[in-house]
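Asks: Okay, these came from TrEMBL:
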- Thr128, Asp154, Asn184, Ala185: S-adenosyl-L-methionine binding site (BINDING)
Amino acid sequence: MNVSTSKLLARRQLLLSARAAARREPYRCFSCSIRHEQQTPPPPGENGNRTTHFGFETVAEALKEKKVATVFSSVASSYDTMNDLMSLGIHRLWKDHFVRNLNPGSNPLTSRSPISPGWNILDIAGGTGDIAFRMLDHASTLNHDAHTRVTVADINPDMLAEGRKRALSTPYARTPRLDFVEANAEHLDMIPDASIDLYTVAFGIRNFTDKDAALREAFRVLKPGGVFACLEFSKVNSALFDAVYKRWSFGAIPLIGQLVAGDRDSYQYLVESIEKFPSQTEFRDMIERAGFLVPGKGWEDLTGGIAAIHKGVKPVEGMI
């Protein structure tokens, strides 16, 4: 065998070895690895391989919380704009109606107790303070209550930072009447049992990974007779109106999100999350299963069902 033949055989052997190694080693690509990590369900023992929805996408439960956090970190500074797009600007009227209907605060002129401690309100997923500020304004102005206090709890630090910044332009900043805490609605370990008069969540619960767990926690922290109140996008109750609204939601909102905020994906998720949220009847039944008494039919439709207000009351001892 001459020298040239030996070199040729050596190169061939080297090429074959390289190909074999390539078959053994997966292709290393950062973006591919991220996609693989997102698509691979957790191994047995981690959340029992349970999955949930992230918009129309099915993901591992452990992953949804991270993906939702990314969405709301992205939209924190443009949260009002987001809700304007999602509701055609009507969300401000819905929130005003939500708060008036709950009538927070103890009016010292009508209260049976000579010493009125005010209400202890927990506003979940309320990072920007939108509902909290309305609650405190209503209690102070209409019910002449200077003691009602609101704890704003949110899992997202960027949303809380936005709320703290907005609070500086209100009378409640740096007072005992308003507090912001980072917390997961499914595990409110820092809130004692039976300590809350009113639990509110507005346009937040559809993003929770385990809604049933959050409802059970709401039941735990509420005092007997305390109220769970939820304002959320829901199911439109007219087929024609529903068709128009869905065309707007899926056709226009993600595009506007791209143009206004440079973020099409977050707005696409948000419209998909509305579509995946339970119907009014289904959500009412979830509230009842958590132990609440549901007044009347259990909800009030707003603007033809684009949104709905749900309520539940924690029974007092002896209540049927």
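Cβ from N, Cα, C; glycine included.
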Asks: I need the most crowded of these binding-site residues: Thr128, Asn184. Count other C-beta atoms within 10 angstroms of each C-beta and give me the top one.
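Replies: Within the set of binding-site residues, the most crowded position is Thr128.
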Asks: Would you mind checking how many other C-beta atoms are within 10 angstroms of the C-beta on Ala185 (S-adenosyl-L-methionine binding site)?
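Replies: Summing over all protein chains shown, Ala185 (S-adenosyl-L-methionine binding site) has 25 other Cβ atoms within 10 Å.
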Asks: Of all the Cα pairs drawn from Thr128, Asp154, Asn184, Ala185, the residues the record ties to S-adenosyl-L-methionine, which distance is largest, in Å?
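Replies: Among the residues the record ties to S-adenosyl-L-methionine, max Cα distance equals 16 Å.
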Asks: Return the residues near Asp154 (S-adenosyl-L-methionine binding site) by Cβ distance under 8 Å, restricted to its own chain and a separation of at least 6 in sequence.
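Replies: When sequence neighbours closer than 6 are ignored, Asp154 (S-adenosyl-L-methionine binding site) has Ile124, Ala125, Gly126, Gly127, Leu160, Gly163, Phe180, Glu182, Ala183 within Cβ distance under 8 Å.
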